Amino acid sequence: MWALAAVAPLIERRLGRETGYVLAAALLILAGLLGVVARDPLTGAPTSAEWRWKPSLEVAFSLRLDGLAWLFCLLVLGVGALIFAYCARYLPEDEPHGIFYAQLTAFGAAMLGLVLAGDMVLLFVFWELTTVLSFLLIGTTGPKSARPALPARQALLVTALGGLALLVAVVLLAVTAGTTDIGGVIAARDEVLDSPLAPSVAGLLILAAFTKSAQFPFHFWLPGAMVAVTPVSAYLHAATMVKAGIYLLLRFSAVYAEQPGWSLTLTVVGLVTAVLGALQALREHDLKALLAYSTMSQLGLLVGAIGIGTTVALAAAILHTLAHALFKATLFMLVGVIDREAGSRDIRELGGLRRVMPVTATLTGLAGLSMAGVLPMVGFVSKESLFQGFYGADLFPGSGVLAATLAVTASALTFAYSIRIFYGAFAGPTTQEQLYEPAWPFLAPAAVAAVLGLVLGPAVAVLNPLMRRAVLDAEPWGEPPYFSFWHGLSPELALSALTVSLGLILFAYRAGVEALLQRLPPLGGAVLFERAYQALLRFGELVGRPDLRTAPAPFLARPVLALVALGAVGAVLLGPPDGISLRPEDGPLVWATLLVLVPVVLALVVARTSVAAVVLLGTAGLVVAVWFVLAGAPDVALTLLLVEVLTAVVAAFVLHGLVPYARRSGRGRNVLAAAAAVLAGCAAAGATLALTGRRAPSPAGEHYLHNAESETKGTNVVNTILVDYRGLDTLGESVVLVAVALGVALLMSGTPGPTARGGLAAAAYTEVLGPAYRLLTPAVAALSGYLFLRGHDEPGGGFIAALTAGTAVALAPLAGAPLPRWLSGGPLLACGLVLALAPGLLATATGRPFLTPMFTPGGGFSTALLFDAGVFALVLGLMATVVRRLGGDTGSRTW
């Protein structure tokens, strides 16, 4: 599906909104392929695939298809196919939809990855992807008049809170069970429950599920998300996002189902949410808002049933998850049809649509009957099963009666608002003119879901193999019930009859009920959340106000002194380190080189101009580079030398146009600054000595020195560490470079560069630098390529080669030379990330740990060279971004 998301914009350019049909067909094909793979899971043997990318941490890209995962895959792919087919007629024909299709496909892919994840770390990654993609879909697809940014932000913050809780739970479970494999955690159930961390982990998992599945008091983001276009709402409510929390609870029920705290919390909060959501739905006039609160109520019933924890209750929750997906997808799509045809979703403005839209009315009636739990719909079977599960609760004396009472109350309210939907939109006189039944392609997706809800009621027995396997995956020690359409006379049937009777009474007295409900306070929370959010922002401004200064000295004082204090505390608590050597055997040339630093630093302190300070700072770096050469570290020396050159050039960009002379400070401030500088220097020197002053190499260093050539086919130990042994660290640092480039581009957007302010290069020295630049650039490029190719065996490598090429890029504005169009930050950074990730993905695909180098026969070529090329492109991309933004050479690109 990720590949589909990538190509969706390309398909949309040719097919327009009809792309929805292509994506729907692709999802059905994928469902068919998974169905072939799912034959074994339905007989009790999960199908799994694993790519171990970090064996030392036991973290793997692990996929696991069992009965429970297959059920949710059916929802994601099946309902997703209907939604995409619906998009092909719902979306405007004369607007571009490529980005929308890509985001919606990625949204489904993230949910699919979540339910297939066999590793908790992978589950967390996909969990967060659903959060981010839902934020994008809610915030970018709704009408501007609805201000979608606010509900999108609320959804992001609330679900991100749950994501943090899930992350902590994953870490604690990994520590407790000794593995991040979900199957391994379930197998280590006794160890997990015996741990003192068990209550905390259970609470964190519950918090994550509550935020994702809109349980009270985290419910308010879900109704706000209705500002998104109807296909997004339908997919989010029926098969993705909110079902992620349900899946999480079902998956870990195998561990926590019999724990009293888990069961009581889920049951109480779930049933309270079910009743409150149904009450609020009954007072809504906007059909989408009504359905949003309806989803909240139905999710509450699911959470409550999972909390009961018996095999019957879990089976009912799983069946009702399927039933809810069918009727909720149908209703949302049909509300979109009504909104598109009638121009309104307010039931006070609708009426009599059954006369002009009979097919729409029939389909809405079928879905409403299933939601209300009425014969012969599949919702009737699932609702009766829920009643059976709640009535059998044994949490405390009388808990079964209390749980069944709350479930019947919520279901009676559900029956009432289901009738309200149909009566408000389709009954009574027709209030609008010139309305027509939509074409069948527009209604077909909703019709498929509605008819399935009708057919699966009497034929519910065909679902028993899937339901049985899914229930056993959620609760491996019980015997799943057998679903059938008719059980005869039973307490559940009596509760269903009571539900219908109460629902009819509520509808009969709807005027009084509505008047009573309107007097109740709204089931809000969004306003309170927004106030708390704004208060937090104001508190942050208050805390950061002392540092909101343009002068660097006050800004740096606090962190510098904090580091000094931290070093002092560490020195006192840990005492002097052992094994420190000051290397007295170093020759006089080394000490003389270091002594040269003293006058350079003193001159830097008393420098009166910024230019002098930059020159002296570069001189100090040059002296240190010479010392590195004498100490036997040519790679480090070359890197430092190039960094100093680039720092000086970038400083010239920054200082251009600023006040040429620094303000004179008072005597007291100079004394304080000198004291802070001396303390910081002493702390840095002490830390360096303590951490690196031991004479003997570390065990890791010994390993690198003795095995680098045989294991990596390279003799430059520094480079092999960067691209072979510690490639993951280098990849993380490369991502930081991308973040820095993005930050520079964003901060400098809209700010005129030096060229726009009058030019950085004066004509007097442009005439000199211009020809020199054009003459030396090819030589610098050749040197850069040479350093890159030799880096695995001699001093050099991608980083140093990029710094070398970066000097030519940085000097271009000073020489008055424009940068070529291809030398732009965006393409270079994207290319660099692809090249850096490619060796890792290739290694994973062949069963090796992530970023493990691979060699051609004979060892002439290593994939580490591709990784190094990625580092080269990323560093050069950062330099191009900085030069274009600070040097004013933006050309036709922004960065």
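Cβ coordinates are placed from backbone N, Cα and C, and glycine is handled just like the others.
According to TrEMBL, the feature domain 'NADH-Ubiquinone oxidoreductase (complex I) chain 5 N-terminal' maps to 56-97. Annotation source TrEMBL lists domain 'NADH:quinone oxidoreductase/Mrp antiporter transmembrane' at 117-396. Residues annotated as domain 'MrpA C-terminal/MbhD' in TrEMBL: 596-656. Annotated domain 'MrpA C-terminal/MbhE' per TrEMBL: 674-747, in sequence order. Residues or ranges marked as domain 'Na+/H+ antiporter MnhB subunit-related protein' by TrEMBL: 772-880. TrEMBL lists 99-118, 124-143, 262-282, 314-338, 401-419, 483-509, 588-606, 611-630, 671-691, 734-751, 822-843, 863-883 (among others) with the feature transmembrane segment.
No contact links the domain 'MrpA C-terminal/MbhE' (674-747) to the domain 'NADH:quinone oxidoreductase/Mrp antiporter transmembrane' (117-396), because fewer than 3 Cβ pairs that are 6 or more residues apart lie under 8 A. Shown for the domain 'MrpA C-terminal/MbhD' (596-656): DSSP residue counts in helix, strand and coil, namely 54 helix, 1 strand, 6 coil. Residues in the domain 'MrpA C-terminal/MbhE' (674-747) partition by DSSP class (helix H, G, I; strand E, B; coil) as 63 helix, 1 strand, 10 coil. Here the domain 'Na+/H+ antiporter MnhB subunit-related protein' (772-880) returns a mean pLDDT of 83 for the predicted model.
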